[in-house]
Structure formats: structure tokens, C-alpha cells
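Trainee: One structure is given below, represented as C-alpha cells, and several questions about it will come after.
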2 protein chains.
Amino acid sequence: MRNANSEHSIEIKEMDSSNNNNNPSLPYKVGVPPKQNLWTEFSTTLKETFFSDDPLHSFKHQSKCRQLILGIQAVFPIFEWGRNYDLAKFKGDLISGLTIASLCIPQDIGYAKLANLAPQYGLYSSFVPPLVYAFMGSSRDIAIGPVAVVSLLLGTLLQNEIDPVKDAFEYRRLAFTATFFAGITQATLGILRLGFLIDFLSHAAVVGFMAGAAITIALQQLKGFLGIKKFTKNTDIVSVMRSVFGSAHHGWNWETIVIGATFLVFLLFAKYIGKKSKKLFWVPAIAPLISVVLSTFFVYITHAENKGVQIVRHIEKGINPPSVKEIYLSGEYLLKGVRIGMVAGIIALTEAVAIGRTFAAMKDYQIDGNKEMVALGAMNIAGSMTSCYVATGSFSRSAVNYMAGCKTAASNIVMSIVVFLTLQFITPLFEYTPNAILSSIIISAVIGLIDYEAAILIWKIDKFDFIACMGAFFGVVFASVEIGLLIAVSISFAKLLLQVTRPKTVILGKIPRTNVYRNIQQYPEASKVPGVLIIRVDSAIYFSNSNYIKERILRWLTDEEEQLKAAGLFDIQFLIVEMSPVTDIDTSGIHALEELHRSLQKRDVQLVLANPGPVVIDKLHASKFASCLGEDKIFLTVADAIQTCSPKFAEEV
Amino acid sequence: MRNANSEHSIEIKEMDSSNNNNNPSLPYKVGVPPKQNLWTEFSTTLKETFFSDDPLHSFKHQSKCRQLILGIQAVFPIFEWGRNYDLAKFKGDLISGLTIASLCIPQDIGYAKLANLAPQYGLYSSFVPPLVYAFMGSSRDIAIGPVAVVSLLLGTLLQNEIDPVKDAFEYRRLAFTATFFAGITQATLGILRLGFLIDFLSHAAVVGFMAGAAITIALQQLKGFLGIKKFTKNTDIVSVMRSVFGSAHHGWNWETIVIGATFLVFLLFAKYIGKKSKKLFWVPAIAPLISVVLSTFFVYITHAENKGVQIVRHIEKGINPPSVKEIYLSGEYLLKGVRIGMVAGIIALTEAVAIGRTFAAMKDYQIDGNKEMVALGAMNIAGSMTSCYVATGSFSRSAVNYMAGCKTAASNIVMSIVVFLTLQFITPLFEYTPNAILSSIIISAVIGLIDYEAAILIWKIDKFDFIACMGAFFGVVFASVEIGLLIAVSISFAKLLLQVTRPKTVILGKIPRTNVYRNIQQYPEASKVPGVLIIRVDSAIYFSNSNYIKERILRWLTDEEEQLKAAGLFDIQFLIVEMSPVTDIDTSGIHALEELHRSLQKRDVQLVLANPGPVVIDKLHASKFASCLGEDKIFLTVADAIQTCSPKFAEEV
């Protein structure tokens, strides 16, 4: 314990002498908050909704010039952290940058195939976006580039519109269009400070969605892994399995399988080592590159490509060509691009923000979600103009980045430079890389997305969340990525709406030897007060639930009276509604209270309210319900109400 | 006060001897509710959501035969109330039935025109549906038939698809199709017990929508009222006004205006009389019929129709022809019919359920919303097969029905018989009825839908509700009925979601000379506890707000610490989160608490929880967070927590 309690001059305010409670035997009157003017009220709500993190806090009381500098630093955080950058930090960033580069190059080539694009587009997307992010982003640990789930999502959505093989050029144009609008969506959400919207994708839904996507992606890799030439375009497990077993007799290529399986075992073993000892994190990080080098060399000397082993064949040399003119800004594909871009952009955001938050919490620094979205948006807009497709933060590479000791976003710059060198000089060397290796690398990468421990925890904590999680999972696995997403979002919303439609109402009882009234289900030892029924309403009373709450309260009363009658006991005379959890009430809610009051009067029961909050008491007065009910029927606590309704009982216990 | 408190043997339970509180100086332990098994939990939730009114209550402990009778009575309440029907009741029903019949006949003819249908279809819809409702409905006061708003909505939606003049037959077929699916929608909602869904149309939105629709309908009447021949098909105020003033010079017909205006004054005066004295309620009720008779007679003898006064001309004689075969059950119009039917059906439901609830509350009887929906659905399905369009409960006629002293739904049967006789024998007499009269009748009827007093009350109580109300109003007036509806629904949902996204968090202080901790904004005299920050979270903690709540709490702490630093006072050592209003928490919420705990540890502040509810404490244990935080950091009340955190303060005051 540190020093406290010795002085508290400002905390303990003198009691207002105008208060009605100079006589302590009177119950304490429920406070009515000072009337706010309309504008204050409105602007407070607005501020809490859109500027809850008070982003302009540091701009206050500063000179114009200083404000300008702060503004530039806010948009480009590199000018903030860059000023304290030193050799020690650079060492960390260099090592981690090199590590994630070695991991991202083989992954990029594979992910581009998931998006039905040529391999170099994956590498392009690991060159420009990370550079832009390094200047604008505020996360220190995120590793930017193409990721498996977004690549799959984009590939699925795009091929529904255009055939990626027949119309490769149009397909690519639509991909850039979608990337452009993904960026616009992300930046717009950030600028309009609507970042909170992505919170509507619940954690549980994301866990299920990611696991489902991981399985779908792994299944897609069976094509490369088994060397199958004719493969379904659908992503659901049934179609894929039919495709796989339908070609079992003459479609599988055993040389491919041997290469793929050998290196998959190697990769998984490397992963296992990395998990065992945190110091050996670099083993799984460089294993993919080693696999690529070894297998490429092996194919090159044995000429296995003549025995049916499929190889990459050709990767365009040179850095990103400009693609501004390829973006559709009119015509029928514009709208499709917008739609696909919005979906892919939001999923990409979800992933990046989740990563950003996770690592920020681990290193205890703050991330401004909205600013982060602007950075991601800007990076994708820039990407769409330089032949990149949607990039975002990668779970696996960010973790490696963190473990390799990155200090700032500069590790992304290092990675970007390595990718640049690769594009300029090394791509021809990938010619003999077998596709099976890329499949093995992707399989071993996406396995990490299946977070079964999280799913178990979700099951333990919240069954409804688990349904959302499984809904998303099975939706992705058995139908498609979009359907899984739709299920996840719908279940999440249904849960929120259910809460405001069917809130809990509970009976309270007095806890022995205290003056505290609590839920009798939670505290079975709590005792009911004779002649009084105390009901707590556990939600704001809104149009969506006002009618239900009214009827539920009346039903509690009926049930209770039936029980009492059966036991030959006396009637209920007071119905106390404990309103502590009722944070707000609207017109429908007030009407419901009025109707409740009227029904109770007909039954000869007096309605009593306990502890209405500031908003509620204000509205009770505005609607004149407070005076209709009687001001003396509104109490500060249930205990005060009992003192008046059942004074004998209050003294007795 | 009645007899109470003398005995309460079963209420006051003996204290559980296993409780840890035999030593009263120890704080009372937070109760963990008994573990429910999964199925119980699931079925309880299901029951509360869909069967909250316990509809099978009366079926329990009954013989099979009795259950069958109860079942029939449940579907056809007429067999329940019919058994106690007597002459006194019949007298009331006869008078009220005749009154609403005299009111409905002229209204029906006018409303049919709003739906772009020939006048007899309005009368048809006042014949079959009320009959069906009388057998199945549970409201005693509702008057069934076509209503203005639904007629307008249906007319607008239908004419977007088919031209009602050129393709009258197809138009009618689509109208019956929509009616059929409106009935299916209503019955399905009732059978699946999804009736609560209509609660999502908030009271405020309905007030605005109704007022907007009333103005739109009144504006549409200017066509008949001014005798304009060329009139816009749009319903927005701008188009209508342009139409009206564009034809001012040569399109208006002064004879029509004189007739219309004279009778409009008469009708409004009758309304005024009815309002002045409740006994004279029958004056406004029969005024429309009198107007029709007088004006028809006047036109007949003066032959004003030759001077440009438009008349009804022809109403088909005879009762409803069957229309089963005219319903589209395949083809392109099927889907359109389904969509229009769903919208019209839900709006019709909203109106009927609101009326049913209002009058049930006035006479203090119960209405089962879901059963009511089945009745309304069955009535519209039957209607669609007998040339009726969507019928529902009418506000104005139900009020007249109530005031005329109706006792049961039999008044609808009486009305239905009168309409039957009208169709069989009197329709030719309407030949010379001027359209201007129908317009006047509709204008005077829809004026009652503009409930400006409710709008003022909404403004006073809840500004957000007022925005929803005005959004619906202006949407209907300036755009169209559908857009107004869409705006209303969107704003209502946005409000619900805002509540779960940006819940309130408030600072608590101790109220002088009590042991009660309350919001210091509501109770400015409450004093903060030195070294302790008490924050109440005013909502369930879900994925949609968990991150916000965590960050908001940390910001409260930062602000408080800055203030204390500025005042040279001591640091915060304990952060108490009062969880009384936190009715539920999900996985994301638990994660947020964990992150909060970790952040606080880094700042050397101890997290303390007060009064977690049954669900929350259960999940805190399931997730192991309770033991991670320390069981001794979870208290029953804030006062208990303060006793431990700041014992000196607790004693002092």
C-alpha cells in the first residue's frame, strides 16, 4: 500500500445544505442531474461515439507551429519514433526484417496462387504496401503483406465474376479495382472514425471463420500437393473431396507427393522445434526458404518436371509495374469491384487490427484504431496503383517479427528492400520450384490459424458465442467463405438484438444480516420480504423490450400471488422495480411503465421504483410519470424502499 | 395497507450454515449460482425468447378431451366468449357494428382508390376479413377492414411494378398475390412465435411514419378535391405540389371544390363536436354517410357531373367473386408479390397489434400477440381468395367501435352483414357520388393519424427517438412511403446498436451518511474515496463494446491521475469496477477484463470487482479470471470493497 488517506481535502465535498436529508430518518432523495442543454448533450454523445479516445488531446494548448508538427507526426508516426531511432533499434529491426523476408517470399508466391494471380503479384504486394505502412502505421510489430485468408477470399469473390484463366487481364484489373476500393473503405472508416464498426465481428466469429478458412485453404493445397491437374473451383469440403478422390486413380502424381510430404514433415518438425524452445523461433521462420532452395535444386538436377511434377516455371522479373490505368472506374465491373473491395477490406482490417491490438497489449503501448485504418487504407490504395493486391498484417509473420526482436515498423522497410532485391535479381531462380513445396508451406502456415484452444475456452465461457464460432466455421468449410462470414455476422447481431429484446428480470431477496438485496437465484439464502415483490430489470428499457418487460413483471407477480395463495399467505401489496441496471429508457419504455402502473392499480398493488439512474429520472420527470406515480414512491435504494413499504421487516432482520 | 408482515414463515429462509459469513466482520462472499446443465440453460433461454407468455399454461394438468376443447378455443376464441354471450352484449355489439358500418362504407370506397383498385374491392375487404377475424381474433374492440396507410403503401408498391390503368387485370392479380403473402407472413410470424419482431418498429418511428403517411394521403386527395384530371403518380410532396399548382389555371374545377369544401367543413365540424362531448361520438361516425347521401342526391338532381364534377359512376353489384386462381404462384410476379406482401403485411400487423394492445390495456384484458397474428394472417389469406386486399385494424373505426360500446368481436360480424347488404342491394345508388366527397372523407379521417402531441412528448423524453420520428416523417413526405419506412427502421436499429457499442461508464462516489455509492454526476454531493476510483459499467460487456469499455476505464484512470497530480495529491491504488448493471459478458469481454487487469498491474493499480451478477461470476470462474484476479478482490457491494481497500475512509464518514 502506498500513501493514501492522509489527506483528501478536495475529494470529500461539503454536503449541500439545500439537500432534503438533514433529517437522517427520511429516505435519501433520488438525485436529478443538472439539466444539460441540448447541444452539450448532443455533442457529448457524438464525442463518446466517434472520439472516445480523445485523439486531439495532445493538440490542446499548443502553438500553431507545434500543432502542425504534431499533425504531421499524427499522420506519419515515422517522424515521431524516427527521431529517437538508434543503432540498437536498427539491429533488432534488421534481424527481424531479414527473418520475415525469408518467410514471406515463399508464402507470397503461394498466396498469389490462392488469389488466382501470377506469383510475382504476391511479391509486389510485399514491396510497396509495407513501405507505405512503415511511414504511416502505428504498430511496431505488425508484418505487412499478402495473407492466406484475404487471398482466398479475394480469389473466391473475383472468380465468381471473371474467369481467371480465360480472361486473365480483366481478372487482374478487377483485382486491382477491388484492392483500390478495399483501401478506400479502410481509409474512409478511419477518417470518419467508424473504426468501432469492425468490433461487430465478434472474437468468437473470427476464431471460427479463421479456422474454417485455414481448413479450406489447406484443402485447396491438395491440388498442388497431390499433383492433380483437374480440380474443382468450389471451395467447400464436399466438392474438394470429390475432386480429390475422383482423380485418385490416374490424377495423383507420386513424385509430387513424395517431395511435398517430405518437406511438409520437415516444416512441421521445424514448427515443433520453434514451439518447444522460444530461442529457436528462427528455425520455423527460415525453414520454408530452405525447403524452397533444396527442392528447387533437387528438381533442377533430377528434371522431375518431366515426370509430372508441376513447377512454378516463370516469375516476371523486375519491380511492380504501374497499374493506375487498369483500375475500373466505370462500367459494370466498377460496382463489383466496390463490393468485393469492401468485403476484403473489412476482413483485412479485422485481421490487422486484431494483430495490432494483441502486440500493443503485450508491449503495453497504445494503438489508435482509426489512425491505423487510415494507414492500412493508404497502403492498399498505393498498392492498387502499383500492381499489388490487398495486403494486411499477417498473424504468423507478425509473431515471428515480434520474436525476432523488432523494435519499430522499420523491420517492414528491411523486408521490403529484400523483396525488392528478390524481384530485381533472384526471381528466375524460382523457375524449378515445385508447386508441391508451396502447398506444403501454405499448409504448415495456415495450421496456426486453427485456434482450437480458443474454441474450447469459448465453449466454456459462452455457449452462444460458441454457436457463432461454429456457424462461421462450418459455413466456411461446407459452403463458402462468404457464407461463413454472413453466418458469423448474422449470429453476432442476433445475439446483440436478443439481449435488447429479451432482457433478464430477476426476483431480489434480502441477504441475511446485511441491507443488501440480491438475485435470489444467485444467493439462495436471500429472503423475500413479505407483502413485497422486488424485481430487478437488467437492461435499458427500449421499444424493443418495453412490452416484454411489462408483461414479464406482471407474470412474476401473478406467479408469486398464485404461490402465496396456495400457501394460504397474504397478498403482495408493493411491487418494487429495482432500476439500477436500467441505464436508459425511451418513450415506449415510459408508456410501458405507465401501463404497468395502471395494471397494478387495478390489482391493488403499489408500484415503487428504486435507484433510477440520471437519464431515467430525468425522463420520468419530463414525461410527468414521476409525479403521476408519486415522488415519494421513488427511492435511492431497495433498502430505503423496504423501510417505507415494510418497516417491520426492515427492523426485524 | 392490507394484512401483511404478521407471518412469513416460508419467506424468511434459515441461513445456510455452510456460508462463509458466520463471522460478520468478513465481507459477504459473492454467490455463484448453482450450475445449470446445458439443456436446462438452453431451453430456458428458448422459452423466454419464444414462449415468454407461457401460452400452454392453461393446458397443464388437464385431460386429453379438455385439452382438445382448450385447443379449439385457443384458435377460435369465439367458442370461448360465445358461450357467455347474451342479449345485453348483443345490444352493444349491434349498435357499434351499425356505427362502424356507416363509417366504413364511404371510407372503403375511398381507400380502394388509394390502392388503385375499383371501389367494390374496398367493400369486399370489409366483408370477408372481419368475419374471419370475429372467429379467430382475441381483441374485443378492433374494427377490421381496409385502412388508409396500408392502402397507400400497397398502391405505391404495386404501381411500381404494374400500371394499374393499362394492365388492370394483372395489377389486381398482383394485389391479391401480395395480400396472400401478407397473410402468410403474418400467420408465419405468429406460428413461429416471432411476434416480438414487430416491436423493432419503435413507437417513435410509427408516430412519424403515420403522420407522414397521413399528409401524403391528404395530398393525394387534392386530385379528387380540386377535380384535377392529370395528376402525378409520385407521392412526395414536391411532385404533388407541382402537379397541383401546374394545373391551377385550367385544371381545377370550381364546382368540385365547392362541394368538397362544404362537406369537408361539415365533417370537421362533426369531428369537433365528437371531441367536445364524448356522448356525441356518433356524430362524426355517421357524418361521412350523411355527406355521401346528401352530395349524391345533390349531384343527381343538379346533374353536376356534366359540369366537370367527377363521380364514382359504377360499383360492381354483388358479393366478392372468388380469386384463388388469380394469385400468382409462379413466374416473375411471384417474388414481387412476396416482397410487397411482406412489407404490407408487417405494416398492417404493426397497426393492428398497436390497436389491440391499446384497447386491451384500457379494458384490462390480455391479448396474445402471436395468436392475434395468426388470426390476422388467416383473415388476409381468406381475403386474398375472395377478391379482398390487405385488411387490418383501423385506428379511427376501432375508436368509434369502442366508444359505441362494443362488447365482443361480434360487432365486426354486424358490420360485415351490413356491408354484405350494401354490396347486394345498394351499390348502384353510389353512381352519382362525387369523388370530391370521398376525398373530403379521407382527409378528415387521416387527420387523426397526425399525433403531434405524441411527437412533442417524444421530443421531451428522448431526442434520439425524435430523430427517428422525424426521419420517418420527412422520409415519407419528401421521398416515399418505403423510404420513410426504411429510415425509421434503420434509425431504430442504429439506436439499439449504439447502446451496445458505446455504453456509459460513470464515476461513483459515496453519498453522505449512507453506505451507498452512486453516480457523482447525479448526486453532486457524493464524495470520491481517496486512493480509490470507482467506475460503474452500464451495460453487458460484449464483443461490440469490450474494447471500448477497457479503453474508457483506462482513460478515466488517466484523467483522474492527472487531476490528482495537478492538485499534488496521492495516487490511485484501487480501481473498483461496479458490475451491477453488467448482466452478461462474453469471451471478448473476459479478454478485455484480462487486458485491463494486466494494464493496471503495470500501473501499480489493483483491479477490484463489485457485485458481478450470476452469469458474470459464473463466466469469471469458467475462464479462470476470478482466480487470476484473486477471489478476495471480488466483493458483494462497493461498500464492502471500500471497507477492504480504504478501511479508514469507511470508518470515518
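Quick reminder: no glycine exception, Cβ is built from N, Cα and C everywhere.
Among the features that TrEMBL reports, domain 'STAS' is placed at A:522-645. According to TrEMBL, the feature region 'Disordered' maps to A:1-26. Here TrEMBL flags A:142-162, A:174-194, A:200-219, A:252-274, A:280-301, A:340-361, A:373-392, A:413-430, A:436-459, A:466-494 as transmembrane segment.
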Trainee: Please count the residues of the domain 'STAS' (A:522-645) that DSSP assigns to helix (H, G, I), strand (E, B) and coil.
Mentor: 62 helix, 21 strand, 41 coil
Trainee: With Cβ distances under 8 Å as the criterion, find the stretch in A:252-274, A:373-392, A:466-494 that has the most pairs with the transmembrane segment (A:200-219).
Mentor: A:466-494
Trainee: Considering pairs 6 or more residues apart, do the transmembrane segment (A:174-194) and the transmembrane segment (A:413-430) have at least three CB pairs under 8 Å?
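Mentor: No, the stretches stay apart by this measure.
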Trainee: Do we see three or more Cβ pairs under 8 Å linking the transmembrane segment (A:436-459) and the transmembrane segment (A:142-162), pairs being at least 6 apart in sequence?
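Mentor: When sequence-distant Cβ pairs are counted, the transmembrane segment (A:142-162) touches the transmembrane segment (A:436-459), since at least 3 lie under 8 Å.
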Trainee: Answer with yes or no whether the transmembrane segment (A:373-392) touches the transmembrane segment (A:340-361) by the criterion of at least three Cβ pairs under 8 A, sequence separation 6 or more.
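Mentor: In contact, yes.
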Trainee: Which sequence positions outside the transmembrane segment (A:280-301), separated from its termini by at least 6 residues, show Cβ-Cβ distances below 8 Å to it?
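Mentor: Distal contacts: 99-100, 102-103, 105-107, 259, 263, 266-267, 270-271, 273-274, 309, 311, 400, 403-404, 429-430, 432-434, 436-437, 440-441, 444-445.
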Trainee: Would you mind listing the long-range same-chain contacts of the transmembrane segment (A:142-162), meaning Cβ under 8 Å and 6+ residues beyond its ends?
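Mentor: Here the qualifying positions are 100, 104, 107-108, 111-112, 114-117, 122, 125-126, 129-130, 133, 170-171, 174-175, 178, 209-210, 213-214, 216-217, 220, 233, 235, 333, 336, 340, 343-344, 347-348, 351-352, 355-356, 359, 379, 389-395, 397-398, 400-401, 409, 411-412, 415, 442, 445-446, 449, 480-482.
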Trainee: Short question: which residues 6 or more past the ends of the transmembrane segment (A:413-430) have a Cβ under 8 Å from it?
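Mentor: Residues packing against the transmembrane segment (A:413-430) from afar: 93-94, 96-98, 100-102, 104-105, 108-109, 119-120, 123-124, 126-128, 130-131, 134, 143, 145, 292, 296, 312, 315-320.
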